[in-house]
Amino acid sequence: MEGVKFPFGGIINDFNGRRKCYKQDWLAAFNSGVRILAPTLYIFIASALPVIAFGEQLSRETDRSLGIAESLASTALCGIIHSVFGGQPLLIVGVAEPTIIMYTYLHSFSKSRPELGQKLYLAWAGWVCVWTAVLLMLLAMLNACNIISRFTRIAGELFGMLITVLFIQEAVKGLIGEFLVPKSDDPSLEVYQFQWRYTNGLLAVIFSFGLLYTALKSRRARSWKYGFRWMRGFIGDYGTLLMLVLWSAFSYTVPRNLPEGVPRRLELPLPWASESLYHWTVVKDMAKVPPLYILAAFIPAIMIAGLYFFDHCVSAQMAQQKEFNLKNPTAYHYDIFILGIMTLICGLLGLPPSNGVIPQSPMHTKSLAVLKKQQMRKKMVQKAKECMREKASNSEIYGRMQDVFIEMETSPKATSVVKELENLKEAVMKADDGGGETKGKKFDPEVHIEDHLPVRVNEQRVSNLLQSVLVGLLILAVPVLRMIPTSVLWGYFTYMAVDSLPGNQFWERLQLLFITPGRRFKVLEGLHASFVEIVPYKSIVMFTLFQLLYFLICYGVTWIPVGGILFPLPFFILIALRQYILQRLFDPSHLQVLDSSEYEEMVGAPQRNSSFGFNGELREAHNIPLSVVENSEDEFYDAEILDEITTSRGELKHRTLSVKEDRSQMVKIYNHS
């Protein structure tokens with residue numbers, strides 16, 4: 001991203017860059033045919049489930065002024081706008097936890113002011129959105145995205161940890177609430193007698209922990225040693241939804257003599273009911289908000305604008321990691337401008353705004369990377385085999401494969417194709433020529449193309465558009481959503497919290513504090529973050545304690561009744577602290593590793609034992625044909641490999657060998673550092 005200096009320069013550059021590939025963004029999806037439906041369904045489920053959970057949380061915190069239907073409507077509307085008019089179509093938008101937190105504080109403030117109250121809550125929130133939209137557009141016009149490089153790992157991981165703790169907090173509050181009488185209900189009803197409340201609470205514990213355990217297990221289904229590959233892949237992609245359906249079905253197996261309302265289920269009005277239709281006309285009440293509160297709305301708008309700017313840019317960064325090898329240009333400035341427009345529309349319609357979300361955005365890119373590689377690999381293998389039947393030379397085979405690659409390269413900037421295929425060319429040309437590692441080996445299209453084909457992503461807009469439409473159609477499925485027990489959602493909140501921890505180096509360093517010196521070698525034996533081998537233990541401890549203290553400050557701010565709306569402020573301050581203060585407290589080289597922009601992982605021990613696979617010397621000793629190995633269900637495939645090298649937030653790991661050859665000496669130094 002170029003550092004544009006003049007106003008509107010970033011937006012203009014982004015718009016012109018994306019305009020050149022806009023037509024191809026649509027054609028690329030149509031060329032994929034029905035295969036585009038697989039990543040569409042995958043990202044639809046990954047996007048819809050959190051929105052349903054957040055919608056239920058929003059409903060409880062705002063006395064049902066907003067809820068699941070409004071959250072789904074916002075996600076669908078903003079998703080459609082962004083997929084059609086946005087700059088980066090791989091970026092997924094939706095209602096996220098920061099929006100829920102801010103709208104909760106707005107509701108608390110509105111209820112405490114008689115001039116506003118519950119009646120004008122959405123109208124005042126609309127004014128907050130108007131100011132937020134103005135600020136976001138100004139940030140885009142003034143090229144504020146040029147500072148995106150200052151969003152380092154420490155801020156992102158602290159924010160992620162805060163959201164994780166708030167998820168767990170919400171799950172605990174929800175479970176405790178299952179034993180209590182809801183605030184808006186009549187406590188004299190039979191369903192709220194002690195024995196039935198206790199029964200409902202125990203069932204809630206079973207359902208929530210049941211979903212948590214099974215969802216976490218299904219999350220890593222691709223690495224299971226049981227089942228066929230297609231089955232493992234299906235469970236890995238859609239396991240969370242399957243578990244939600246499974247535990248919702250289990251909730252109907254309770255004895256029939258339980259009163260209605262045990263277990264408790266989602267309560268949401270039909271989209272055509274009068275209380276739902278009110279949101280579309282909230283703009284009429286905005287004129288009733290006193291002028292003083294219209295001006296006061298600017299204060300929370302500053303916090304929300306900064307929060308959206310940070311979250312949206314980081315989500316876009318994660319969706320466009322350089323390892324994905326994207327060819328179309330970025331559009332940070334333009335997308336922030338579009339975000340401002342979407343926030344304005346949502347505010348006027350009485351909906352909670354949507355912004356870029358993690359991990360859905362990098363998950364979307366990852367699913368399209370697998371699809372594109374499968375398509376390229378299939379066509380290139382077919383062309384290579386066709387040439388081999390014609391007894392073409394190796395140079396002719398490579399030339400034909402390169403033509404296929406160029407033909408499928410949809411980007412207008414396909415000038416580096418030859419350079420990207422250098423490794424494949426070398427492998428093809430050296431085969432049968434007695435050179436390098438391929439000495440004495442015949443060129444095998446299946447093996448060589450798989451090993452040397454560069455990563456490609458099917459950059460298009462259709463999957464984002466279709467998943468947004470599907471999210472919108474969920475609003476019509478209210479009768480089905482009402483069948484979900486609320487306790488299952490508390491389990492899903494806990495699942496989102498636990499699943500977000502792996503790959504968070506702040507969490508990894510916290511665990512390191514509780515490992516005794518004599519057992520630290522266990523960390524080095526497995527896969528571990530690079531800082532473990534590079535940074536002295538004392539520096540790791542000091543940096544972690546600073547981060548822990550700052551996290552407690554951020555979390556403490558969220559407990560301030562009305563002032564909690566300022567919770568994004570510490571994260572803005574942290575950017576300055578990182579740039580000017582931490583540089584003096586820590587060795588710059590150590591700080592660069594601890595706060596690096598990329599996740600680097602060291603290989604401490606072999607991950608797989610080839611003695612259980614049909615490969616290498618074992619295959620040759622038993623005279624097993626190569627075709628048997630290639631068609632074996634036990635081989636690793638693209639999606640499984642991407643799962644292994646991706647953190648839970650969608651961040652690609654840089655995996656390298658240990659920087660120390662003498663392991664025993666390294667352990668000794670590490671234990672005494």
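Glycine residues also receive a Cβ, built from the backbone N, Cα and C atoms like all the rest.
Straight from Swiss-Prot, the features:
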TOPO_DOM  1-35  topological domain 'Cytoplasmic'
TOPO_DOM  57-75  topological domain 'Extracellular'
TOPO_DOM  97-121  topological domain 'Cytoplasmic'
TOPO_DOM  143-160  topological domain 'Extracellular'
TOPO_DOM  182-197  topological domain 'Cytoplasmic'
TOPO_DOM  219-233  topological domain 'Extracellular'
TOPO_DOM  255-289  topological domain 'Cytoplasmic'
TOPO_DOM  311-330  topological domain 'Extracellular'
TOPO_DOM  352-468  topological domain 'Cytoplasmic'
TOPO_DOM  490-556  topological domain 'Extracellular'
TOPO_DOM  578-673  topological domain 'Cytoplasmic'
TRANSMEM  36-56  transmembrane segment
TRANSMEM  76-96  transmembrane segment
TRANSMEM  122-142  transmembrane segment
TRANSMEM  161-181  transmembrane segment
TRANSMEM  198-218  transmembrane segment
TRANSMEM  234-254  transmembrane segment
TRANSMEM  290-310  transmembrane segment
TRANSMEM  331-351  transmembrane segment
TRANSMEM  469-489  transmembrane segment
TRANSMEM  557-577  transmembrane segment
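At the 8 Å Cβ threshold, with sequence separation of at least 6, the transmembrane segment (76-96) lacks contact with the transmembrane segment (161-181), having fewer than 3 such pairs. Across the range of the topological domain 'Extracellular' (490-556), the DSSP-based residue counts are 50 helix, 2 strand, 15 coil. Among the listed stretches 36-56, 161-181, 198-218, 234-254, 331-351, the one sharing the most Cβ pairs under 8 Å with the transmembrane segment (122-142) is 331-351. Across 161-181, 198-218, 234-254, 331-351, 469-489, the stretch most heavily in contact with the transmembrane segment (557-577), judged by Cβ pairs under 8 Å, is 161-181.
If you look at the topological domain 'Extracellular' (143-160), the same-chain residues 6 or more away from its ends with a CB under 8 A from one of its CBs are 1, 3-5, 7, 9-10, 309-310, 313-314, 317, 332-333, 336, 358, 500, 504-507, 547, 550-551, 554, 571, 574-575, 578-579, 594-597, 649. As a whole-number mean, the pLDDT of the topological domain 'Cytoplasmic' (1-35) in this prediction is 85. Taken through DSSP, the topological domain 'Cytoplasmic' (255-289) splits into 15 helix, 1 strand, 19 coil.
Secondary structure by DSSP for the topological domain 'Extracellular' (57-75): 13 helix, 0 strand, 6 coil. Long-range neighbours of the topological domain 'Cytoplasmic' (97-121) within the same chain, counting only residues 6 or more positions beyond its ends whose Cβ lies under 8 Å from a Cβ of the stretch, are 54, 57-58, 61-63, 65-66, 128, 163, 166-167, 285, 288-290, 293, 300, 303-304, 307-308, 311, 352-355, 558, 561-562, 564-565, 567-568. Through the fold, the topological domain 'Cytoplasmic' (1-35) approaches residues 87-89, 140-143, 145-146, 148, 328-335, 337, 371, 375, 410-412, 458-463 of its own chain, all at least 6 residues removed from its boundaries and within a Cβ separation under 8 Å.
DSSP states for the topological domain 'Extracellular' (219-233), grouped as helix (H, G, I), strand (E, B) and coil, give 9 helix, 0 strand, 6 coil. The residues of the topological domain 'Cytoplasmic' (182-197), classed with DSSP into helix (H, G, I), strand (E, B) and coil, number 7 helix, 0 strand, 9 coil.
According to DSSP, the secondary structure content of the topological domain 'Cytoplasmic' (1-35) in residues is 25 helix, 0 strand, 10 coil.
Through the fold, the topological domain 'Cytoplasmic' (182-197) approaches residues 63-64, 258-262 of its own chain, all at least 6 residues removed from its boundaries and within a Cβ separation under 8 Å.
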